[in-house]
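These notes are about the structure you will find just below.
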């Protein structure tokens, strides 16, 4: 020890890691016994110091960080800029969230680093610093919360809240910050409670699966090894950690000299020699093969050499050591510890941000520009990227600073720029981040104000959202919310304000405004009426323009009609809001007034179908035949009713009309067999009959006979449904959520139909009736206390559980002479006399012979005859009457056909609300394509608002593609030079874009009239070429080179001028924004603008006209204003007209703060009036939306504050704190497939199993395939588990994990390919056992590798006692008894259960009988070890060991590739 006295005296503090290193070196040098004495003295010293020092912790010890103020200010400045960008629409919401999270996270991290250095420099003996940084109590992040800032938090859903907590716990939190931080705290408390139990259970399962693994033998004799080499991307630290304590599997040579022999254990000295060798010759050095538990050849134990050194002392593990239990506990224990360490943020954003380089002082920055090249940061800001390490100099007044910036960093300043102190000058790329787990998150953006939605690019009507109002964005674009709120007066008779007037915003509060705004959206009741009621009467010009691909029908919605259930005369359109028209879809119907039932009431409709395939039978046959035919024709035939229903992706239509037969029998319980046979003879149907209402057993009925009337079952909903709903499926119509289709196959034609009056009263059960069942009454007879009949005729009463039904059939009882001649259920035409009837006079009307039971009553037959009203069906009307000739002489290409159908079911009682009309026949317009049903058309209601008028269009696009989209024309076609202070969108004419010409000619849009909502409309002017001319935008002398040639091929519609041909004359707006001004000057016929040097003609007689974005012309009548939108307008005065024409056009959107003229624009918005000396901007807010975002709502739809606008889908990093990490570890151990297991291991094993036998051929293939598969998966699993633990700074030796993974992967499953005599297919056996059995039997056993979870592995051991004490006791024991299993009691648990000596430690030796040669080998190795340990130098260790800086340790484990590559010597 004498030479040791000359050593350097170290005077420095020692922390937890330093203490660990000291102890390990003491053990290496002095051995276990001596070290324990030293440590005992250390402990006494520590307690003594603690007593004398008596550290106390006061609030003064919490030193705040001086740099916090400007750091937070800096971050706030950046956030403010971000907010502004977002407000201008330059970035979208997700980007804003991401960047603000990043800004604040970087600030918080920088503060943390500052805090460390601040403590170290100012007060190294500070109690807070001492406790937290020595590892005694608390950790860095907790101290950071105390004296730094709490930083970002997550909400309960795990989403980031982008409002950071700027204060720390020493300063105290504001109320908002307190509430935000409560989320994380609560999550932490819950996690602690839940996860601690999980961690304990994990430990139990881990110990269970490996409890029988102990060191039983010196050497298993394996010749395999796993190669380790720093070339695989391992850091030297990790390399050293992997090697120390292992045993070499092969000799190691440097050059020709062997420096280490096989089976030698590796110490720190040997590792340092390896590292120096690798540094000297990185590519020539051979990989090092080591033995691991994976390479051990034993089945249920492990040998000393494959395990390596004991974790407690630097010698080989002793025989009889229970290494399995040690491994299970080493892995499980950190889990319990880590769950107790509740995270301060509850799953906050961790990692992944770049480190920042800040300038040391004010000065001018300089660097070599050749070494950098321009690029953009991930947020799109310009920066320089440097390839190699770059030295940057900052020249302050007296000092020259040099800052080194590592390669691949981004430089955020320019050369020769003046930088301030602590300004960020560069961003260092972070290494591989620990966040490989991504999750997809939706973020909804809500509107911040009321207004209308506009968008400025194509928006797809995505096919999967056909019925919704969701649209996909194909490319990044802006959505604009044009501000304005709706003020609807109840009566639109008079308004003080003229069109375009400025209204005083305070005015509306004084008088009450009835707000119909919500209910009055266009969807109000599902039916819209065209405003041309006289379409069918005369050939009026319905301005529905027929185009090849689209037509528009103007609609009008009457508010006062909401209360009416029946639509008034005219065409009604029945379309879902975003409906799809297929072939044969009905899209409109017309109710012919001739088929309108009078207001009196209800009855039955009778008709006969004539199918298209059938020949039509003429009625010019003889009388008898005609009698038969008639009966045939007018009887309902159920077999024609039973059509197939088409089921497609919208689901099958519900069958609302149940069959009657069962119901009636069950309800009234009367046997109908007798009656049924008679029906069979006559070929009629069950519906035509219903049993008597009374009890059939009554004698009176037997005596006199009762009458049966044909009625279908009464479904309760039949009486109160509005008439539109009873368009039946039985005509071959199929309903799909509002669209109806014909199936042509089953279409029937009807010549005429009949209406028979009939009345139904549904009365409460308790009401007393004034009339008897089966009696005949007259009109207006009193039925109950307060109801009277409207018809005369026969009364039937049916009592049900909840109510009483009373029916009155109009008509008379008629007594025929002979029963055989009269057939029930037929209709008799008026001209024919009835042979057998007593009356001989001709009847004017048709009659209907009610179906009857023929019961003899005093030798008389009787039949019930009812009057019927006949309606003839005429042929379908010609389409030419529907649509006038197209004014633009386009060919008729819209395929519509007209179909009439009866809207009531045959023989079904139609009951309507009294005093309303009911419609019998409905004429439908059906979309008719020649091709098959591939074609679809989208129908949408377009609501166009031009200033104060709201017009609704039904737009039907008959496009070939499934995705149709509306194009709004804001494309830039800039031409000519622009002065510097101008906007870069030059003279875009918003209605003309060169790029769209070709496609427009294919999909023409129609121009339809826009109808005023209050029943007055101006006629639409179709402008021909003589009416309009193009305004040249660049005709003034300032831009001589920029004159554009007119494109002669542009269709006339495209070349309206920037103001839509109409330029209003100058109005004098005063600077007061609330002044009411009036636009009353009429336009002259010719308006001459001196600056433009060009005259152009204006439509005369109109006060104002505008073409809106869809190129539709609208004319305003400024005397009537129904729904004034209170527009927030903003005036911009500019000097002369010529200056602006190059820049501004109507409908253009302008962002805030754009410098158009000498003044800045103070609000963003849309230009919507342009006058000679000023223009008006309607305030609007832009929202940027990215590709693939979903837009909610329609173009021009009114949105209210808080309505959802856009939904973004973006990926965000999942934070990997241990509360999520522990379940990951467990899932890997349990071999469950989870998303974040990057390559799913089970799938990988399948692949290996399949491919390798194919490559190598069968008998060998299985053996090698299974081995390689297992080896591959083992290494991958070890790396994954280590990654989770290392990300938490927990260090577990690989060999513990290896022992457990070895158990999980050691089984193979016998496959069915080759039958063997030993194992049954599907049986799980150990891999080594399978190999040995194959060798012993001289036949190949086919098997494949399998990945068991730890639970399944615990239930597949050799000991059934251990399995039974783990789980499923009864099942395990019963199986074991049936199989006659034997337990050899090799493990610990079996022996503990049975009370035997456990076979480890001292109880181990009686099992082992060493052979003498074994002993010699053992002593030789002992000598080798002694020699090697004496070679180690204590000081050598002290200097060479990796530095104790704890920050470095965290960066060592980010290896992306697996550190091991297996090697096999076979």
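Residue 1 is the first one shown; counting continues down the chain.
From the backbone N, Cα and C atoms, a Cβ is placed for every residue, glycine too.
Swiss-Prot annotations:
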type	residues	note
BINDING	220, 296, 303, 306	Zn(2+) binding site
COMPBIAS	621-631	compositional bias 'Acidic residues'
COMPBIAS	639-651	compositional bias 'Acidic residues'
COMPBIAS	707-725	compositional bias 'Acidic residues'
REGION	618-725	region 'Disordered'
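Recorded features from Swiss-Prot, shown on the structure.
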residue	record	Cβ within 10 Å
220	Zn(2+) binding site	17
296	Zn(2+) binding site	26
303	Zn(2+) binding site	23
306	Zn(2+) binding site	29
Three-state secondary structure of residue 306 (Zn(2+) binding site) from DSSP? helix
DSSP three-state call for residue 296 (Zn(2+) binding site): helix, strand or coil? coil
